[in-house]
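J.: Just passing along the structure, written as structure tokens.
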């Protein structure tokens, strides 16, 4: 991994355009700021093209989707492709309903995505391998989830990042396993959405999206580990606050020392 990615990110302060869900929008904005990037939340059909033209990365998160929002996502995504802005798709709950599955596939067909970030069930559904979803949380997936991730990466020429106890990141050829993180991260809503924002922040400063996605997952996981070990943490509420602080206080040296990656 490139050791100075976090330093570059904080020097450049990439603008990350989000079209995201109403549940976690504030957390996504704040985590983007904490890692060192600049968030903008703009979803109106009339302005998304103009906004993405000024951005360094685009997040498309279907957590609370509507048909109008999907239209705005596709419009923004096509503009991002024209302006060579990386597009990060978070297909929240793909497989839970037909609308979510079909919308995710429609975006993938009409927009050149740079990174797809999801859990094992979401990724396996989009790879055509089956999977089981309850609500928007993964309840399981295919036996060989790494192969499902590689198949999806090759199908759309995209980096696939699958979050789990061990995160799997692949571009269809290379594959990395990230083992940073802590179970406390699952006790608060929105960690997946926030991770997507961090991925986009890193992708906004380097075009090797495989490497930048690994760096984002490692940084995010390390912050979770450090927050969980803090004496200030008494439960999910204090964990969340401390987690933001740990994201903010990350350094390239901390990432290099604490990373747990197999490539």
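Cβ atoms here come from the backbone N, Cα and C positions, even for glycine.
So Swiss-Prot has the following annotated:
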BINDING   41, 190  substrate binding site
BINDING   117, 163  ATP binding site
J.: What's the CA-CA gap between residue 163 (ATP binding site) and residue 190 (substrate binding site) in angstrom, rounded?
T.: 13
J.: Between residue 117 (ATP binding site) and residue 41 (substrate binding site), find the distance joining the two CA atoms and give it rounded to the nearest Å.
T.: 19
J.: Relative to the Cβ of residue 41 (substrate binding site), which residues of the same chain, six or more apart in sequence, are found under 8 Å away?
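T.: In sequence order, 18, 19, 20, 25, 28, 29 meet the Cβ cut-off.
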J.: Where's the emptiest Cβ shell within 10 Å among the binding-site residues 117, 163?
T.: 163
J.: Check the DSSP secondary structure of residue 190 (substrate binding site), expressed as helix, strand or coil.
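T.: Coil, per DSSP.
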